[in-house]
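Student: What follows is a single structure, and I will ask about it in a moment.
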Amino acid sequence: MKYADYFALMGVCALVTFYLCFKSKTLSAQLNLVDIPVGRKQHKSPTPLMGGIVILFALLPIVTIYTLINVPERWYSSFFIWIVCVAVMAVVGLADDRHSLSPRLRLLISFLVFAVAAAVDPTFNVRVLDFVTPKFSLGLGTWWLAIIFTVICCVGLINAVNMADGKNGLVLGLALGWLGILSMRAEDPLLPLIGLVACCLTILLVFNMKGRLFLGDGGAYAIACALALLSIMIYNSPGVQTLRAVSADELVALFAVPVFDSFRLSYKRLREGRSPMHADRDHLHHHLQDKLGWPKGLIFYWLVALGPACLLFSWA
């Protein structure tokens, strides 16, 4: 693909994203996707929940065009499965933003989406865990056990990202950092895909940091799904001088902070007799806000979450 064609696609993605973000107040009112400040929600005014809409109508159509004109035939099915899965999770999140779906229904759909992806395409199936530090491999045995492991990892990341989406810029900054780190190991055609996703999320970040819009569950679910599947695609790709482009322990380090925070919250809530999905103000970002203020807490979170992974990816 010529650079001019790729940057033209990126430009269209940026323009559509900007338009949807700029018109978010009007569009969200028409779609009834507005977050009302009440209870634990401390923002000052009703705010559009536009993340899922932007992913669906700005990013995914451009990725589809990119797939049709540039992706090699052997990657076709993987890219279209990626697009469909991200779209489904965006729709599920948007439905939750508007109708407050039950946690069980959201979990069930998430499990089904990733199970189908892992079963249909081996690109999304983690059969062997290859570690670098220390260097060893761990086979997951039968195909169904590998699918279960893959699904649990993906659903865990989605819930972790959704739980972390409590302050402006937090998840989008993390996502851009993760994309930047993954780009160190990605090759064509995955590297241009990372660029398109990053273009869309950067514009979303600008509007989100200003409080003009929230990601909502639609945005958080779609972004987490996109990153989870993209990470597995890169993991199952060969490296320049290694069996894999990225190792299992590097991926653990990449997503460790929000995932472990979600485990901590779920365990604590269960011990207190509450649902793991029960909302509260005990997240890591809430504690950082109380201790350091904001945006100092935001910067500290980004450094803690991204710094070790960045060093590990650079060192290996």
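Cβ atoms here come from the backbone N, Cα and C positions, even for glycine.
According to TrEMBL, the transmembrane segment annotation covers 6-22, 49-69, 75-95, 107-129, 141-161, 168-184, 190-207, 219-238, 298-315. Here TrEMBL flags N162, D217 as Mg(2+) binding site.
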Student: Same-chain Cβ contacts of the transmembrane segment (168-184) under 8 Å, 6 or more residues past its ends?
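Tutor: Beyond its ends, the transmembrane segment (168-184) has Cβ neighbours at 161, 191, 194-195, 197-198, 201-202, 204-205, 208-211, 214-215, 219-220, 223, 227, 230-231, 234, 246, 254-255, 258, 285, 295, 298, 301-302, 305-306, 309-310, 313-314.
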Student: Under 8 Å between C-beta atoms and at least six apart in sequence, can you list the same-chain neighbours of N162 (Mg(2+) binding site), or say none if there are none?
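Tutor: In sequence order, D217, A220, Y221, A224 meet the Cβ cut-off.
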Student: Quick check for me: are there 3+ Cβ pairs below 8 Å between the transmembrane segment (141-161) and the transmembrane segment (219-238), leaving out pairs under 6 residues apart?
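Tutor: Touching, yes - the transmembrane segment (141-161) and the transmembrane segment (219-238) meet the threshold of 3 or more Cβ pairs under 8 Å.
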Student: Around D217 (Mg(2+) binding site), how many other CB atoms lie within 10 A of its CB?
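Tutor: Excluding its own Cβ, the number within 10 Å is 26.
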Student: Under 8 Å, at least three CB pairs between the transmembrane segment (75-95) and the transmembrane segment (6-22) (pairs 6 or more apart)?
Tutor: no
Student: Taking DSSP as the reference, which of helix, strand or coil describes D217 (Mg(2+) binding site)?
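Tutor: Its secondary structure by DSSP: helix.
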Student: Near the transmembrane segment (298-315), which residues from the same chain, at least 6 beyond its ends, have a CB less than 8 A from one of its CBs?
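Tutor: Residues 167, 169-170, 173-174, 177-178, 181, 184-185, 246, 249-250, 253-254, 256-258, 284-285, 288, 292.
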